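Asker: As annotated in TrEMBL:
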DOMAIN    1-80  domain 'VWFD'
DOMAIN    577-669  domain 'CTCK'
DISULFID  C598-C647  disulfide bond
Amino acid sequence: MYVITTPAGLIIKWAHLTGIIDIHFGSRFNLSSHTEGLCGICNDDPDDDLRMQNGTVITNMEDIELFIESWEFEKSFKVTTRRPARNCTEHDCGHCIELLNRRVFTPCHAKVSPQDFCEKIWINLNYECDALSAYVALCNKFDICIQWRTPDYCSLSCPAGKEYQPCVQPCEAHTCLNRWFYDHSSCLNLREDCVCKNGTVLHRPSTECIPEKKCVCTDIEDQPRAAGEIWNGGIDECSLYKCLENGSIVPIESDCHEEPSPICEREGEVVMGIVDKWTCCSEEICGCDMALCDATIPMCASSQKLVIGHSPLSCCPQYQCECDPVQCPDIPIPECREDQFMIQVQQGEPCCFSPLCVCEPCTEPIPLCTDGEFLTVDLNTTQFCCPQYYCVCDPNLCPTPLFNCAEDTKLVKENVSGQCCPIWHCEKDDVCVFQDGSVLNPGQSMIKYLEGDFCYTIECLEEKDNYTGYHTLSFTMVNCSKECDIHQVYIPSPSDYDCCGTCKNVSCKFSMENGASVIYEEGSTWNYNCTTYECVKTGAGAMILNYSMVCPPFNETECKMNEGLVKLYNEGCCKICKREERICQRAIIKTIIRKQDCISRSSVNVASCDGKCPSATIYNINIESHLRFCKCCRENGVRNLTVPLYCSGNGTEIMYTLQEPIDCTCQWH
């Protein structure tokens, strides 16, 4: 921090690290003192603070740049334009207040209101770190320490040897000059600053931090020296000095020892005497004597440059010409095709090369054409490195066949796949010759030959018989009689051109569902699965006729509802409803017993007689009238049955006795 105190008592503090300028009115400051410039006129009247050097007062904030330029010195730096002030009424201060409402700034809100700060102090949203620095500087005036910077947010970089501290109190830096009487509390307020690291101080009021032990002495070149340190302080000649504990600097003599002369083995080296600038002692070293070196320098071409090198075996410079690509003319790089690659071809100069597109070696050889073919090239590929060659067939170029065929043979041309010229040879006619001299053409319709019950099929194949030279005959024999079923007879074909005759039914073959078969003679009838079948005789042979059995209508549901029984008849194909007559027998009936106001608590099983008994009428010739008689289903003995009854009138229970039959029979009425 730099502190400036004016004669009028105005104190100006500039924190060059953050750029904050703090103006204080000292105890000796007089408002009537004449002040002017960027800080304005200190007369408690803000209306004339923007007075230019010529006395004109700026009233429009858009002209603030004119005010700044009027107080510029001739060699001042370029002015950074400042935007007009903003307020929260005309502009949105939400982002400004949001920044200051963070928890880290909360301790300062009571002293410096975020609303007032954002309202009265100009904030450029593009430089929020500078705005926050200004807010923290106001907090520091109240001795409130805000540790708000992080390595990732608004960090500050310090020079080498210094470190950043968010809350520094001393105004005067700790230096070598004030280290004995340094006052840590010489400043009233805190500030952000870069300070020397622990164990180091400023050498002088400068930016270099050094260990305190180097504050003992300062040489003529203003370099710090520690007690006991020895250095060469001579300007034109070697002079050694030493720093004493009391800060004095005294000259000292060199402590030199005689060393043996070195042996110089490299070319051009000789023994030379020098003075060591650190010890001020004379010593001998091997140095290069250029007079002993070959001074011939080669002449380089225009595209070359002279390069000076050195060898480990010689101290003399070695001159050679090397290529200098900068001296070569710029040649455009051609665009090579896919089947090309680029090479560099030497130009007239030995170091200059030009790019050239050359062809890759062709991998596919030029084809060798056979008889009847000629070589040609694909015109669409002539621009490539390896054009496509192929052989084209021209039958006119094929040699003439030289054959004399026998009388029963003919000259035949055979085309071979993948070969231009055909193959010629003598062969017999493309036919089949049978024993009797019959001729068949290959693939022609077949001719049949009959012999008894056996049929021989003769077929002319496409293959040839190497023995006869004709096409091969194929013989197939069929036993026509074996083709008929057990209920059929074989009828030979009346035509000589049909291989076999037909099979005629002489009886009927009936197949059942289980896979078994039954043979029925003509005129037979039979039933199967409620269908009637009949084997009848027709002109084409025996045939099976069938017709379904017709049953009267039957309602099985109605039969069962009337307590009838479903019976089958007509070999189980039709149904009929039979009503079964029940004979007289003892039956059990469930009933509720009631006697006046008394009733059984549940149903009681009481036996009774039920069923049919015989009845009839018989004509009596003596009386010339019918005699009628019938029997009734009656009890055959009874027994007592006692049942408890509950009486609702008085709430008592009584025992009631009734009679039920022991057995039932049909008895005369």
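Cβ coordinates are placed from backbone N, Cα and C, and glycine is handled just like the others.
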Asker: Taking the domain 'VWFD' (1-80) alone, what is its mean pLDDT?
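Answerer: Computed over the domain 'VWFD' (1-80), the mean pLDDT is 70 on the 0 to 100 scale.
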Asker: In the three-state scheme derived from DSSP, which category covers C647 (disulfide bond)?
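Answerer: DSSP call for C647 (disulfide bond): strand.
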Asker: Looking only at C598, C647, the disulfide-bonded residues on record, which one has the least crowded Cβ, with the fewest other Cβ atoms within 10 Å?
Answerer: C647
Asker: List the helix, strand and coil residue totals of the domain 'CTCK' (577-669) as derived from DSSP.
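Answerer: In the domain 'CTCK' (577-669), the DSSP-based counts are 0 helix, 64 strand, 29 coil.
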